[in-house]
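The block underneath contains the structure these notes are about, expressed in structure tokens.
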Amino acid sequence: MPAFNRLLPLASLVLIYWVRVCFPVCVEVPSETEAVQGNSMKLRCISCMKREEVEATTVVEWFYRPEGGKDFLIYEYRNGHQEVESPFQGRLQWNGSKDLQDVSITVLNVTLNDSGLYTCNVSREFEFEAHRPFVKTTRLIPLRVTEEAGEDFTSVVSEIMMYILLVFLTLWLFIEMIYCYRKVSKAEEAAQENASDYLAIPSENKENSVVPVEE
């Protein structure tokens, strides 16, 4: 099992690399919504294009709304990165892709005051010969910042299952030991009874029980 657990991540990476090389696709993965104070937090925003070969002018706008407040612009991508004046100034980092399908940003040194609702607006104007359609997508990320990292539910369940398995194996081994001990004890008792019965036979019967050998 340990060897299998070590090989599984490697096999997954190889499979992902093979899929990305042979079948380049865009997957819209949702962003994480919990961060720990003092760490960096990636706000993931992915807006896939159905026709990647079509050229498009892309504009990205990131907004932040504190609890009980209003939305205000904190980051903008328009022909290049542009961090606007806001309480996040100096703590935002572009983390997107060259094709602008991944337009994520990273918040550095997250604070408790960074909790709130983040909005990612992606506006695209496609350049066709006959017309120039305009498409806009929006992603909402409710972020909650905590002082300490909470326990992962999956790891807790895995730990509980591990302890249950250890208890089960211990009980099974204990039962097997008792079964083997009783089996050996019964075999020894049977051997002792046979020996006692043989010793209890009179010597005359022992001599008579000897079969004469004809010459």
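For all residues, glycine too, the Cβ spot is worked out from N, Cα and C.
As annotated in Swiss-Prot, Cys120 shares a disulfide bond with Cys45, one of the listed residues Cys22, Cys26, Cys45. A disulfide bond in Swiss-Prot ties Cys48 to one cysteine from Cys22, Cys26, and that cysteine is Cys26. In the topological domain 'Extracellular' (25-156), helix, strand and coil residues by DSSP number 7 helix, 57 strand, 68 coil. By the criterion of other Cβ atoms within 10 Å of the residue's own Cβ, the least surrounded of the disulfide-bonded residues Cys45, Cys48 is Cys48. Packing around Cys120 (disulfide bond) is summarised by its Cβ count: 23 other Cβ atoms lie within 10 angstroms of its Cβ, all protein chains included.
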